[in-house]
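If you look up Swiss-Prot, you'll see 1-22 marked as signal peptide. Taken from Swiss-Prot, the feature region 'Disordered' applies to 48-90, 129-160, 175-199. As annotated by Swiss-Prot, pyrrolidone carboxylic acid applies to 64, 70, 117, 131, 152, 183 (among others), with the evidence given as similarity to another entry. For 66, 93, 119, 133, 154, 185 (among others), the entry in Swiss-Prot reads proline amide, with the evidence type similarity to another entry. Feature annotation from Swiss-Prot assigns compositional bias 'Basic and acidic residues' to 147-160, 179-190.
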């Protein structure tokens, strides 16, 4: 574009030079001067408009974050799946919406997901609820009973089969009228160390 401007200026300068055609009247000279000024102004305004139109979007694109600083009406409603996947991968793992889990219908599962969890224990709450060891219900008699007995307090194990009634009677006879005192775990260890010395 600048080459065209220089070429036009050279043509006007050569055609308006007094030595080329001889002495023209002052009216023609004034006419050529006005034409030259108008031509230069129009070319300069066109160049400024093109530069301002081209520079502004590049400047705005450099400044903008892909999901930010856009007018709400100009945001793309239908994002491509690749763009959506990229946005999902860039999110913090704790903030990701677990859309692929089919357990969101359960309100307790949804509330458990909103809590912060250790990374190795994520989503375990969805599979089973935590319960007090003494109040757990057996879901399967085979596999869960061994695990349940391992995790319960040794004195609170459940009896299986026909011995349930006998265990209930033994528990009633075992408990005295006074409630059992609980001790701090550290105190219990001290007492155990002292017992062998007493014998």
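Using the three backbone atoms N, Cα and C, a Cβ is placed for every residue, glycine included.
The modified residues 183, 185 differ in how many other CB atoms lie within 10 Å of their CB, and the one with the most is 183. DSSP classifies residue 183 (pyrrolidone carboxylic acid) as coil under the three-state reduction.
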